[in-house]
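Listed in Swiss-Prot:
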- 85, 86, 87, 88, 107: substrate binding site (BINDING)
- 108: divalent metal cation binding site (BINDING)
């Protein structure tokens with residue numbers, strides 16, 4: 001089990017006004033990130049993957065050591081299929097990932113709610129994705145008004161998601 005130091009994103013913003021911290025904003029079309037995992041507060045160093053309706057790279061990455069890391073997935077906000085379900089999420093727990101943020105959908109909602117993993121996604125859908133081995137790892141991502149770069153730090157709770165180039169907590 002990975003341990004995250006308790007924090008509140010609001011307080012991190014208030015306490016670090018001298019740092020360049022980005023705040024993920026809800027989109028004008030009403031898309032909001034929702035928490036699906038049992039872990040409601042999570043943080044870590046960002047690992048990025050860009051994929052559209054193909055979770056091959058997500059599955060591969062979450063089967064590697066994720067200690068102190070959060071996978072950020074740009075799924076193009078697709079509402080047609082899920083990029084993570086219970087089996088991939090169980091792998092993430094097994095390999096000590098702190099969390100996963102998906103700009104797209106997940107599935108197996110009830111099973112995910114039981115896992116000690118931070119999970120934020122736009123929505124749930126029962127349809128699984130195609131696996132064709134397509135996706136880019138380690139690329140800069142941009143959604144919700146935030147640029148996600150591999151190696152930066154992400155902090156998520158029920159208030160929202162923030163990103164910083166510097167580590168804000170130990």
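Glycine too: its Cβ is placed from the backbone N, Cα and C atoms.
Positions of Swiss-Prot features highlighted on the structure.
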residue : record                 : Cβ contacts under 8 Å, 6 or more apart
85      : substrate binding site : 106, 107, 108, 111, 112, 128
86      : substrate binding site : 107, 108, 111, 112, 115
87      : substrate binding site : none
88      : substrate binding site : 55, 58, 59, 62
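The Cβ neighbour count for residue 108 (divalent metal cation binding site), using a 10 Å radius over every protein chain in view, is 20.
The substrate site is defined by 85, 86, 87, 88, 107, and by the 8 Å test on Cβ atoms against their centroid, the other residues of the chain that qualify are 82, 84, 89, 90, 106, 108, 111, 112, 128. Within 10 Å of the C-beta of residue 107 (substrate binding site) we count 23 further C-beta atoms, all protein chains included. DSSP assigns residue 85 (substrate binding site) to coil, not to a helix or a strand. DSSP classifies residue 107 (substrate binding site) as coil under the three-state reduction.
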